[in-house]
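Asker: Per TrEMBL, the features are:
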BINDING   A:Cys279, A:Cys358, A:Cys374  [4Fe-4S] cluster binding site
DOMAIN    A:269-413  domain 'DNA primase large subunit C-terminal'
Amino acid sequence: MEILRSQRKTSSTDVVPTLPLYRSAPPLEVRLEDFEIFAIDRLRVLKGISDGLSRGKKPEEMEKLTSDLWKAHMRHQNASEVINKDIISHFVLRLVYCRTEELRKWFLQMETALFRYRFRQESLESQRALMGEFDLPCKQVSHPEFEVLKEKLGQLLRSIGQLSPNAADTIFFKVPFEEVPDLVSTRRVLIVKGFAYVAMNQVVSLLVTQFRSLLSKALVLTNRKWTSTISVQEKDRLTPIVEALSTSYLGPDYSQPKEALEISIKDIDQVANASFPLCMRHLFEKLREEHHLKHGGRMQLGLFLKGVGLKLDDALAFWKAEFSQKVGAERFDKEYAYSVRHNYGKEGKRTDYTPYSCQKIILSTPGGGDHHGCPYRHFSEENLRAALGKMGVGGRAVEDVMDKVRNRHYQLALLQRQPKDPSIKEPYCNMKNDYCKLLQGDSVVLEGLRLAIILEG
Amino acid sequence: MTKDKAEGGGDDMLLDGCEFEQRQRNAVPEGFNSNYLKLYYGKLFPHIDIYKWMSYGNDGKHPSCDPSYFGRREFSFTLENDIYLRFQSFNSTAELENSIKDKCPFKIDIGPVYSVDPSKRHAYAQSGDNVFTPMERELIFDIDITDYDDVRYCCSGADVCLDCWPLMTIAIKVIDTALRDDFGFNNILWVYSGRRGVHCWVCDGRARRLTNEQRAAIAEYFHVYRGNENSHKKVSFQGPLHPFLVRSYNEVLETFFEEKLLCGQQLFATEERFEKILNMIPEQSIASELWGKWQETRRSSTSKEDINIVRWKQLKRLLQSGKQKGLRKCVEEIIFTYAYPRIDMEVSKHMNHLLKAPFCVHPKTGRVCVPIDPSHCEDFDPTTVPTLSTLLEELNMCGSEVEIDNELDRTSLGQSIKFFRSSFLQPLLKSCKEDMESSYNAKIQQSKNSLSW
């Protein structure tokens, strides 16, 4: 099995990639004002992307949006300075967003999205040049090999809705399947003897994976350097700017809730009825009905209850009260109590698990006998309407919800039913911050929605 | 020697007569308990084969061998009183064997190979850099027939019979072919789970080194059936099918559906059953037409053909002659719904998921988890798999008549173990050795190159 590395184009071709890969901090001199200004401009672009994704924009729209945002904010009087602004602003934001796990996650997602949409707009030659930069373990499929696989490649192209089903029009690259997990999982590539045959326009996926992985590692290193040396060295110069940038500006709001939320066993039915999102209500009702839930349901509901403030002792009592009606108190203690305690970080690795995000719930795969997952995604139209009806949602509201579901905006469908105060335009959270945390703002959910859209196909 | 003789008295029959009578005397009542298990672990369980397998060649003398490898593998034992021992590890066959014989576990699970000996994990947990982490783990699949309960009518719950077992045969064929032809894996072991399903262990080095993300990708690649009682249509194709699905359909699903499942499950025999299928047809008029037609012909009039086949043909004809493309794919959607493999996604996605070891005995059925030959899986019969008590009976048989060195060979387990060794273990160890040698040579070459400027 040979893995050929694509040639590094040392002799410069006519095409200079305009898309930097940010592999190393440039030895440039930056004026202090520019330091801040460039960063803010880039942040506007990233925030714009974040907003676009949360509104469920399609890839073509995102491409255009990205291009507009870039033109609007990332210009420079001297044309030659444009690329410097690009690079500098990226590295400054790295300092700003490397400091916590959540900041890193958001930055990684936005920069990766930015890279993906910019890449798509590059010319073919430029794209090929960039591929060369990445040192990917892939090579172009030779003509004889192509002839052998032509029929299957044609089938593959039709199955992914490629407009010109003529395989001959498409250049394919051969790469070990491990390199393109997202294409494998969605069956968007032909896989033969361990190699995935990737169409040129899917190469983006390959590069994006590499880009994300490089940036992710770099952020962790940057964080280490920041905490160990830079923040102290720069305490009079850069540090105040970096800190101001991260708090004063946008990005998701991950501040801790001011009041700790608490919920007790006696309130639980009432609160469930009034305020639980549909997925949790469904699980809750099934639990009351059947006095049992399978593993997926226990995890999804259990962690949610923890997240909204159900204490461990109350949780144990709650689950025991239900389960003992089906399996007996002794069996509960033996088989189920451990995992309740585990969720609260009292057993095993002692990780304090957080409730599942909408993304995770939407992407889960409930099977026979399961009741977890996202009803907006996993229920049939009929069952969803019935469930909404039971909650007293009627008429117009139901249609709005169904419309969102049809367009696969599951999370928006959920929020659709929430608003009680018409003056509030933003999705309304009626269970304080912890509930909102589930609807973890912007970026994280979008990725989930987009993936859900792809997987659905 | 023989008091009650069977019919016939030839010399050949002498042996049979003896066997029969010995069998009576040595009859071991059906059951599952620690006494039986002690004997099983003492005389039949293939400790050394498990050790050799799990060592992946590292138990040799080659300079590439990693002597710590086997010791970093997690085993877990479930003991008699539901006591659960995790993170067990051993450094040799002897340690493994002694622990099993001593503790007599009702179930043995195998976990991943960790970065350090799992029994020493606490020493590393403090450093917070995830030093105790899975390094290698076979790619595994778990298929349980209860996941098909909505499409099988012959049994429910824990039961399994020859009418629904073809679902497992289909699963093995579809997935095994894909693992070999698509993903390029070679060292694949299929095992009967002991009651109502099958497990698959993919042991190539490349498979063992897959990350969680890559495992999830492969699981998703196989994922077609989505949903539970809350969603109506579980299989919905948007357009032309991916080549993998086309091949599975043409080579396995269609034939098995039409030749085994249609009649085996009586899919159209009752209103309740055919209603389920009619509900999958998006075109209301066709569904109603068939509904009406079938209400009338309750008992098939003159046709000798099975009613399920007749109705399926009628349905197919209507759907495939239609002008709308959406209808033609409905036939495929129905077949996929009733036949396509349903794997347990969570089992495959995570490196640290434990899976029952082959050759364990299932506590509820007493059956041994024997390997299944994927190229002859249609011949596998779960109802004839040797049970613990049968094996012990066979062990008890008189030894003086028949000269067999190996106790194992006296029993029906001998066949399974032979198969395990010749079809799986030996080829696996051979390729491990080759990999070790080639990577070692490559390293030598590299260091030579770096020296010679």
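Just so you know, glycine gets a Cβ as well, placed from its N, Cα and C.
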Asker: With every protein chain in view, what's the tally of Cβ atoms within 10 Å of the Cβ of A:Cys358 ([4Fe-4S] cluster binding site), excluding that atom itself?
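Answerer: The answer is 23.
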Asker: If one looks at the chain holding A:Cys279 ([4Fe-4S] cluster binding site), which residues at least 6 apart in sequence have a CB under 8 angstroms from its CB?
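Answerer: Set apart from A:Cys279 ([4Fe-4S] cluster binding site) by at least 6 residues yet with Cβ under 8 Å, we have A:Gln300, A:Ile361, A:His372, A:Gly373, A:Cys374, A:Pro375.
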Asker: Limited to the domain 'DNA primase large subunit C-terminal' (A:269-413), I'd like the whole-number average of pLDDT.
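Answerer: A mean pLDDT of 83 is what the model gives the domain 'DNA primase large subunit C-terminal' (A:269-413).
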Asker: Near A:Cys374 ([4Fe-4S] cluster binding site), how many other Cβ atoms are within 10 Å of its Cβ?
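Answerer: For A:Cys374 ([4Fe-4S] cluster binding site), the count of other Cβ atoms within 10 Å is 27.
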Asker: Just give the helix, strand and coil counts over the domain 'DNA primase large subunit C-terminal' (A:269-413), going by DSSP.
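Answerer: Helix (H, G, I), strand (E, B), coil: 100 helix, 1 strand, 44 coil.
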